[in-house]
């Protein structure tokens, strides 16, 4: 008997779901949200039970990887229990989480016990003052303590996510890489996404391509092409000097990954986003609440939604905003 498969109209298999569990965050990163962000009222967001119901239907339809995001997922009460329930779904191979690391000093061990398989931790600077400037509120030492707690809890292939911005942190690329090597962490360098209207910097001036990052790395290390994949947008390389870790590049501008896109996103409001860089979406919250106890209705809505998944985004790295919603509203 063949496994169920979600397929879009371009014959791309969709088996990876990113689920935002909150739009709230204890940081205010300059590329992610406005400093005076207004968050959604509680009645407007999905309950944990509703999030679980969506996860159940996606896994039944062939999803093999789920990533929980935010906002900062670990500020949502009850998220560890949600992880335990999602991790237990038959057929799911990976339950991952993207976090800023601020809560990991106390939650890394419970997350590992709950069945979370991998963590991505955002880290854009190793300079405490610059880290505070980029996050507006973050404490670098607390995040590093969280990274160490993740290693101590038993997580492997923990990955650092670094958004590289010209003139802000591009000079730290190799220092971040050395930090990753020292702690046996993977790392992905990310081109800034043009989501939301920001005021801290000009995206046209701060754009730093993946090719430029590789050139900077080559000043200190030897990059070796790799066929590694985590079923996400990162294209991986290895280092001759540290072959045990993976170096990823997420390049929505310079080398977009649309042709092999295998993922969709669920916002905390219950909108199923079919593309990070477009507004094509389906309101799954409305389906859930109009049809309690009828999972087949939700399943049909998910299957039908695949037919409006676009071929690609239209990101550019000028100061034009392609998508008005901020990253924390999208699911980072």
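The backbone N, Cα and C atoms fix where each Cβ goes, and this holds for glycine too.
Annotated features, as they stand in Swiss-Prot:
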| type | residues | note |
| --- | --- | --- |
| DOMAIN | 9-220 | domain 'Radical SAM core' |
| BINDING | 18, 67, 98, 159, 263, 264, 265 | GTP binding site |
| BINDING | 25, 29, 32 | [4Fe-4S] cluster 1 binding site |
| BINDING | 31, 71, 122, 193 | S-adenosyl-L-methionine binding site |
| BINDING | 258, 261, 275 | [4Fe-4S] cluster 2 binding site |
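Following the DSSP three-state reduction, the secondary structure of residue 32 ([4Fe-4S] cluster 1 binding site) is coil.
Put simply, of the binding-site residues 159, 258, 261, 263, 265, the one whose Cα is nearest the Cα of residue 71 (S-adenosyl-L-methionine binding site) is 265. In the three-state DSSP assignment, the secondary structure recorded for residue 25 ([4Fe-4S] cluster 1 binding site) is coil. Close to residue 193 (S-adenosyl-L-methionine binding site), meaning Cα to Cα within 10 A, are the following binding-site residues out of 32, 258, 261, 265, 275: 32. The subset of binding-site residues (29, 122, 275) lying with their Cα within 10 Å of the Cα of residue 263 (GTP binding site) consists of 275, given in sequence order. Comparing the binding-site residues 29, 258, 261, 264, 275 on other C-beta atoms within 10 angstroms of each C-beta gives the minimum for 258. For the binding-site residues 25, 31, 32, 122, 258, 275, a Cα-Cα cutoff of 10 angstroms around residue 265 (GTP binding site) retains 275. Comparing C-alpha positions, residue 261 ([4Fe-4S] cluster 2 binding site) sits nearest to 18 among the binding-site residues 18, 32, 122. Computed over the domain 'Radical SAM core' (9-220), the whole-number mean pLDDT of the model equals 93. If you take the Cα of residue 25 ([4Fe-4S] cluster 1 binding site) and the Cα of residue 67 (GTP binding site), they are about 17 angstrom apart, rounded to a whole number.
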